[in-house]
Every structure is written in structure tokens, then in C-alpha cells.
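Feature annotations, courtesy of TrEMBL:
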type: ACT_SITE; residues: Asp324; note: active site, proton acceptor
type: ACT_SITE; residues: Tyr411; note: active site, schiff-base intermediate with substrate
type: DOMAIN; residues: 31-117; note: domain 'Copper amine oxidase N2-terminal'
type: DOMAIN; residues: 131-222; note: domain 'Copper amine oxidase N3-terminal'
type: DOMAIN; residues: 247-658; note: domain 'Copper amine oxidase catalytic'
type: MOD_RES; residues: Tyr411; note: 2',4',5'-topaquinone
Amino acid sequence: MVSTMNLVLFSALLLFSLQTVVSVTPLPFQHPLDPLTKEEITLVQTIVQRKYPTFNNTLSFHYIGLDDPHKDTILKWESTKPTITTLPRKAFAIAIVNTQTHEILIDLQTKTILSDNIHNGNGFPTLSVDEQGVAIELPLKYGPFKESVNKRGLNLSEVVCSTFTLGWFGETQSSRTVRVECFMKESTPNIYVRPISGLTIVVDLDLLKIVEYHDGGIIPVPAADNTEYRLSQQKPPFGPKHYGLATHQPEGPGFQISGHSVSWANWKFHIGFDPRAGLVISLASIYDLEKHKSRRVLYKGYISELFVPYQDPTDDFFYKTFFDAGEFGFGLSTVSLVPNRDCPSNAQFLDVYVHAADGTPVLISNAICVFEQYGSILWRHTENGIPNESFAEARTEVNLVVRTIVTVANYDNIIDWEFKTSGSIKPAIALSGILEIKGVDIKHKNEIKSDQHGTLVSENSIGVYHDHFYIYYLDLDIDGVYNSFEKTSLKTVRVTDGSSKRKSYWTTETETAESENDAKITIGSTPGELSVVNPNKKTSVGNDVGYRLIPAIPVHPLLTDDDHTQIRGAFTNFNVWVTPYNRTEKWAGGLYVDHGHGDDTLAVWTKKNRDIKNKDIVVWHVVGIRHVPSQEDFPVMPLLSTAFELRPTNFFERNPALKTPSPRDVQWPGCRS
Ligand SMILES: *[C@@H]1O[C@H](CO)[C@@H](O)[C@H](O)[C@H]1NC(C)=O
Ligand SMILES: *[C@@H]1O[C@H](CO)[C@@H](O)[C@H](O)[C@H]1NC(C)=O
Ligand SMILES: *[C@@H]1O[C@H](CO)[C@@H](O)[C@H](O)[C@H]1NC(C)=O
Ligand SMILES: *[C@@H]1O[C@H](CO)[C@@H](O)[C@H](O)[C@H]1NC(C)=O
Ligand SMILES: [Cu+2]
């Protein structure tokens, strides 16, 4: 028996070469939600450059993505399956042209610009990778910085720098500036744990020059000892030891990918990709064996923003209040997956294209992987109650996972969407990578005299306190577009009339949210269940068909409401929000987050308190990881994860996995069962 769970000892590492590294088959046709192709990105570049020739304009692209066809158009297309040529294909670009931010909508079929508006509000677009590349070189050629490096006795050739967005602290005007921090790469590639602390370097990204510089005094750079994490550079002893572990699929994978459409077991869905959101899951439907049809669950889901506020108010750290999707781009920061490490040997991979600042397409190979994995037990029962006829019925759970990894500087975010035959979708997040370290002149905890705003994880190294708040956009369409949000509270009832020997019990009370204010949920304040139901569809016994949100462990913000950082990150004020579907409300922290004022957030939109009952609704779920660093997070941290579940609740007439057989048993050489 193959089991990944009980660590059966295999005598050798068995890997089967079922993996297809690039498996995108030629498209029979383009799905209307397919990400922009290499050719389409080039076309956007050409069309925009035609209007703003680069010989007399400065032009940089900060977003080039698909402008989805309208939802009703997609739904109509899906139900009638006409040819793709009848559907519009548009791209949306955000470009800075001569310091003005333009929002440009392009028709890719007629090759024309449909609209070109200038953004006059607060905040700036996502930074380009290219301008950050220029910014990090600037200190190395800057006299005062070289002096600071010399003064510290450091070798300039061993210095590398990185860009950090500056946030907003109440100023009315700001320019497109970033802080640049520098690190020592001498004797270790683990640069983030070796900051040259005490320097303030501000770069203007439009001017591409240092506009502010300050040396606050020498703080020792933490030593390189014990910061190496590459196995090739480690010295014995090694361990704990692993034995072989394999997934064997002699008949090939149980899923099919056609273009970007996936079908597996009872699920089908589409995999999209956006330079800002990264992975996008759309049109997820589950086949109902009894109703003989596919039923929609999720129209679209993705991570809308990731807010990472650090909790150190001192000069070196106060500004570290990052919005990784809006400022750096989850798609732009997606990395190539390492076969057999990031994804198992039975995974298939998809490539994607993003764009460079000049609009040139940039390939990210193996950006997404799809694989089946052993989960746990799908369901089971041992029947001991029938005399002389006891038996056990147990089914193996196999799940399908779609995975990407977004590495924004020091942190790696492992993003999974797991699909289960029992009808659940389980999105999960795991963090790995390197802590953000503050250099200090402290070698032992007993030298700490004041709050250091973090944990001393190694000599001279404080791992600063922070949170990671992800917010998921979940446009659920439970068996149809019109849904309601229900809150079921669990209430204690006291027995006072002597009718029972019990003094108390609990029961449920369900309330349908009428408007947005009814659906701002702080999880944990009262016991309850949250679900999205289709009030227009009922099971045969009369329940509304629905899906429950089993939330992640709730994390509540601890900053004050008047803190500028919290105003920008106000989408964390509640764990769950529900809004009526609105095409333009995509980014929970606002469209322009860099230096943004928090005037275009989910918290602002919902002030209208719009109706959400029996409407096309979107659920927003905040998934947080609070991070008080520990020594084990150093020099590289093991995965820290959290997940939530969308689980059918009276959606099916009965257990939809009742007739799901277990996978075929496989005998392995060297494995005793
Ligand atoms: C750039 O040149 C084009 C064509 O010569 C002209 O129409 C346009 O006004 C110029 N733009 C600027 C900003 O100078
Ligand atoms: C500085 O670093 C460079 C590049 O690693 C090296 O070649 C050089 O010898 C170093 N200089 C000193 C003084 O250590
Ligand atoms: C169960 O099996 C035992 C032993 O074979 C037998 O004595 C007993 O009568 C059986 N009980 C029933 C309910 O069949
Ligand atoms: C959609 O959202 C935008 C931004 O919140 C808002 O300006 C617009 O009025 C909304 N449209 C509708 C139809 O509610
Ligand atoms: Cu962290």
C-alpha cells in the first residue's frame, strides 16, 4: 500500500517520470478568461506605443492584464458555447506616461484604444520590476552611501540592496518614492538577515535618483555564521533522514488540462492568471451524479490583497506596511516552481506571461502546478453493532491541488486551491522564506533594556513582529447567480419549565443578511455558522441549497482605527464581508495602493450599505497569520500555514462521495504491507 501519511519505509527513492514539464496543449480555442498571451501583451505594447511613441514620451507599463468580458456575457457563452469569435477580447493597461498615470482599455480584436483616462486620485500603481532594478543600484554609486559603507568597514562589492514601499502617514502630497535598504551578501546568500541598519535611503522612482539620505549611526551587521540554507553548503551531520516517498499513477493523472480548463473527478474549473492577483480560479462547477448535471459553486476566486504591517515604530521600520499584491503584484512576483520539490512528481505545470515595464512579455515557466495527492480518509465506518457481521467500509481521499508560489523579496507565499470529491474547496496559504530582520547591538536577551519590537532570533538579529493578512475575493454563485448570505447563531436555551431533566441545550437561529452592514463579521464574537445559499433552489426536503464558509483561524487587527496604516488596511476590520457584485470592485485595498490613502477600500465601498439579499454577491474572507518570530524561523522558516473551507451544506441530496471508489491499490517493491 502506498501511503504518504504513515511514512512507509521505501528502500529507494522512487520517482516516476509522469511529470510533463510544459503541458499546455495547443488551444482548440481561446477561453474568454484565458490570461493574455505573449502575442496579446506585445499587441498592447504596440498599440500604446503608437499613441505614446517612446522617442518623445517616457512610457512605463505597471499593469497589463485581461479585461474580463462582462459576467453575463461569459455565462451566456458558457451555456450556449458559441465560437470564441463572438466574444470581445480586451486588455486593460495601467501605464505611466510622462509622470501621469493612464488607465487604458484596449480592444485586441480591432486593435484600438477604447478609452484612455488619467488617474487623478491618491496613490500610485504597482511598481515595475525594472524600476526597482534601477533603484537598487543607485546607492552603490552614491558618494555618501559609499562613505557609510567604508565607515562600517564593509566591502562595497558585497553589498546588495532591495526596495521597500513607503506607505502613507497622513501627508497630503507624495511623490513615487521608495526606501532602499542594503544587505551584505558576503559569505552567505541569506541577505535579508544581514541588513546594514541605520541608513535612510529614499529613491524617487520617476526621477530614478536618491532624494533623501541619512546615516543614523553604526549598528553591527549580523554575522553570516549559521545563516546558510542551501543543502550543498551544509556540513554534516545531516538529518533527520528521509526514506523514499512516491506517488504512483500507472494510468496517468486523473485530471485533464485543456488549455487552461481543468476537469478532474466531479470538478471542472478554469485557471486564470493576472499580473496583480496571480492565480485566478474561475467557473468552478461540480457534477451532481443524481441530478446529472454540473452545478456552479464559484464564479471567480483569487487573493485580492496581502497586507503585511510590521510593528516597529522606529525610523528603520515604521514605514514597513506592505501591500504585496497592489504594490509589488502577486502575478509579477510569481516564481517558477521546482519540480519534485514545490510540487510532487506527478504534477503538471503551466507557464504564464507577465510584462516588463516597456511592455515586453516576460515568461514565467512552471508558474502553476496541478496535481493529485492523498488527502486523508474520505469517509469511513466500522460497523460493530450487528452480531457476527461486523465490517468496515473506508474510502481513500484523493484531492486535486492547484499551486503557485509568490515570492515578494524575503517571503515565499505558497498558495493552494484544493478541490475535494466531497464538494469542498479548500484554499490554503503557507508562508516560508526569510524573516525581516532588524540589526541591533544586542547579542543576548539579558542585554535588552527596552522594547525591541520583535524576538532576538540570533545575535544582533531581531525578527520584527508583524501580520500577514490575505483577503480572498470569492464570487460564489451557488447553483446560480442569485444568492443570499446567512448567519446562523448558536444559542443557549435554558429549560425553566421542568419539561426536561436537562437545564440547558443549544439551538440555531438563522438570519439572512439584508445589506452589507449585516454581513460584516467578526469571527469568534458569537458562535455561529456562515453560509451562502441560493434561496431560489431547494433540496427535496426543503432546505435552501448552500455552501458554508468554514473560516480560517480568525486574526483581528490590533492597530487603532485612526492609524493611517489601519485606514489603508481597513479590509482587515472584519474577517468576512459581503458585497453586491460590482465589476470594478476587485482590489480590497484599492486600485492604487502605493502611497494610497485608503480611500478606495472594501471598508469605504461598503459604507453604501447596499442590498445583498437574493443578489449576485461576493464574499471577502480575511485570512491572517500573526507572526511573533521564533528562533526556528531562522535562518529560513519552515512552513506556517492556514486554510479555510467552502463546504457544501444542503447543496446535495446526500453525501456526494457515497459512490466514490478508492484509487487502485498498488504494490511496491520493498514495501511490506
Ligand atoms: C510626440 O510626437 C508626436 C508625433 O510627432 C506628436 O504628435 C506628439 O504630440 C508628441 N508628443 C509629445 C509629448 O511631445
Ligand atoms: C571585496 O569583495 C570583492 C568581491 O567579492 C572581492 O573580490 C574583494 O577582494 C573584496 N575586497 C576586500 C578588501 O576584501
Ligand atoms: C454468533 O456466532 C457465535 C459463534 O459462532 C454463535 O454461537 C452465535 O449464536 C452467533 N450469534 C448470532 C446472533 O448469530
Ligand atoms: C461599482 O463600484 C464603484 C466603486 O466602488 C462605484 O463607484 C460604482 O458606483 C459601483 N457601481 C454600482 C452599479 O454600484
Ligand atoms: Cu511573517
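Placement of Cβ uses the backbone N, Cα and C atoms for every residue, glycine included.
The two recorded residues, Asp324 (active site, proton acceptor) and the residue listed as 'active site, schiff-base intermediate with substrate', have Cα atoms 10 Å apart. In three-state terms derived from DSSP, the residue listed as 'active site, schiff-base intermediate with substrate' belongs to an extended strand segment.
Annotation for the residue listed as 'active site, schiff-base intermediate with substrate': spatial neighbours Val308, Leu431, Ser432, Gly433, Ile434, His468, criterion Cβ-Cβ under 8 Å with sequence separation of six or more. A simple way to gauge crowding: the CB of Asp324 (active site, proton acceptor) has 23 other CB atoms within 10 angstroms, across all the protein chains here. DSSP gives the residue listed as 'active site, proton acceptor' a helix state. Model confidence over the domain 'Copper amine oxidase N3-terminal' (131-222) stands at 97, taken as the mean pLDDT rounded to a whole number.
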